[in-house]
Amino acid sequence: MERARRGEVTSAMERVAARENRDPEFVREAVAEGRAVIPNNHAHDALDPMVIGRAFATKVNANIGNSETTSGREEELEKLHAAVHYGADTVMDLSTGDELDATREANVAHSPVPVGTVPIYEAVKRAESAEAITRELLLDVIEKQARQGVDYMTVHAGILMEHLPLTDGRKTGIVSRGGSILAQWMEENGSQNPLYANFEAICEIFAEHDVTVSLGDGLRPGCVADASDEAQFAELDTLGDLTRTAWDHGVQVMVEGPGHVPMDDIAENVERQQAVCDGAPFYVLGPLVTDVAPGYDHITSAIGATEAARAGAAMLCYVTPKEHLGLPEPEDVRDGLAAYRIAAHAADVANDLPGARDWDDALSEARYEFDWRRQFDLALDPERARSYHDQTLPGDNYKEARFCSMCGAEFCSMRIDQDARDADGEMASIAGSEGTDLDASPAASVNLPPVGAHDTSRVPERIEVEGVTFTPETTDDD
Ligand code: SF4
């Protein structure tokens, strides 16, 4: 941020500009003014820099991480691999189980996308209880994670003692893990949130390592009944003040948002954050627009995420089908990411980002031309599209067919329409016209297939962490 303010276009800004199809000066200006962030710790060697900001394509974060009951180091790398493969723009390692350092170091070493963490989780493990966390321990954890190469950290510095009574009438109280830990600390110790009290010292660490701060929403609503209440907005006002404090230290800032919000409240929530936090990128979890569908919350939340991104949210934190029920497996990561890539892309099309619709147009043309192979190649998840088609029409000859098993040959409406247009001589001009040329599209790379097109050339083939060697599985299109 300091270099952007001095008018310098860094190599990370150049790379981001190329990926977004924007002028490097456009990127520099957005970073200098705090409207965009490039999370890029100096120590994260494998990173392919990316940008988060409302003027750019909407980004998607995938949460990974172990818990006390499930998942080991190898499984975590598998989840990282799945997240990057299915198009995550960033990942958050939310581990709270064993081997926290080794898991984090392996993730950073192997990740071409920015890695985020929530350092209060490690602090509470090391202190063995929330109330025993000290200032020294907090700063020690944050500094160590910064040295390990973490690109952005969530700090719940905006939840204050005076906010806690405001949650008394809530249906589901405080549902953020970080928020509940800090509320317990404040109640037991009778003093102000230590992340708030030591925020300037934390900013100095972040500035030194170029860690982006993600201001956590510890009082986010945990159900639609609690949305947009006094507690949530009191914390948001504090996040606005903290945004300006971090900027004073040259630290890049994004602000986290809810949670569970009914559809008709979402745009107002986004506009309020943008006004209170002077345009700092908004990073929203979902939001879920209804509470009635455990097992399908990747859908309830992707609906809200689309609306949030349409209204100006810059990054969407994915929710998997396991939300509220259990720790996600790699297949849940895939389903959650598909839902969120759709939300992000749908919002970019609606917001008329340069070239955003070209992907849709290219796929629609392939569909109408019965070019099944091209349709699969252009699909958000080509493997799934191909396998669903193969389930009923597996033969190679069906990849030339002018129908699929949905309506069958006789009732295929597109075939009937083509035949009618053929009779009128219209098809010849359609066949002769030029289709959408994705190579010439002005779209950002995240708005073009394949999803997850990161430069992985700096990701090492083998990683050694604490004497254990990993050779993560990769494929050419990772
Ligand atoms: S059969 Fe129906 S679903 Fe299949 S290609 Fe034709 S119109 Fe589309």
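In case you wondered, yes, glycine gets a Cβ from its N, Cα and C as well.
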Starting from the substrate binding annotation in TrEMBL that includes Asn63, Met92, Tyr121, Ser176, Arg177, Gly178, Asp217, Gly218, Leu219, Arg220, Glu256, Tyr283, which of His42, His156, His324 is the extra site residue? His156
In TrEMBL, one of 1-23, 369-391 is tagged region 'Disordered'. Which stretch would that be? 1-23
Cβ under 8 Å to the region 'Disordered' (1-23), counting only same-chain residues 6 or more beyond its ends: which ones? 29, 31-32, 34, 38, 40, 48-51, 56-57, 207, 247, 250-252, 354-355, 442-446
Of the binding-site residues Asn63, Ser176, Gly178, Gly218, Cys404, Cys407, within 10 Å of His260 (Zn(2+) binding site) (CA to CA), in sequence order, we find none
If you take the centroid of the Cβ atoms of Cys404, Cys407, Cys412, the listed [4Fe-4S] cluster site, which other residues of that chain have their Cβ within 8 Å of it? Phe403, Ser405, Met406, Gly408, Ala409, Phe411, Ser413, Met414, Arg415
Among His324, Cys404, Cys407, Cys412, i.e. the binding-site residues, the one with its Cα nearest that of Gly218 (substrate binding site) is His324
Quick check on the binding-site residues: of Arg220, His260, His324, whose CB has the lowest count of neighbouring CB atoms inside 10 Å? His324
Just to verify a number: CA distance, Tyr121 (substrate binding site) to Cys407 ([4Fe-4S] cluster binding site), in angstrom, no decimals. 52
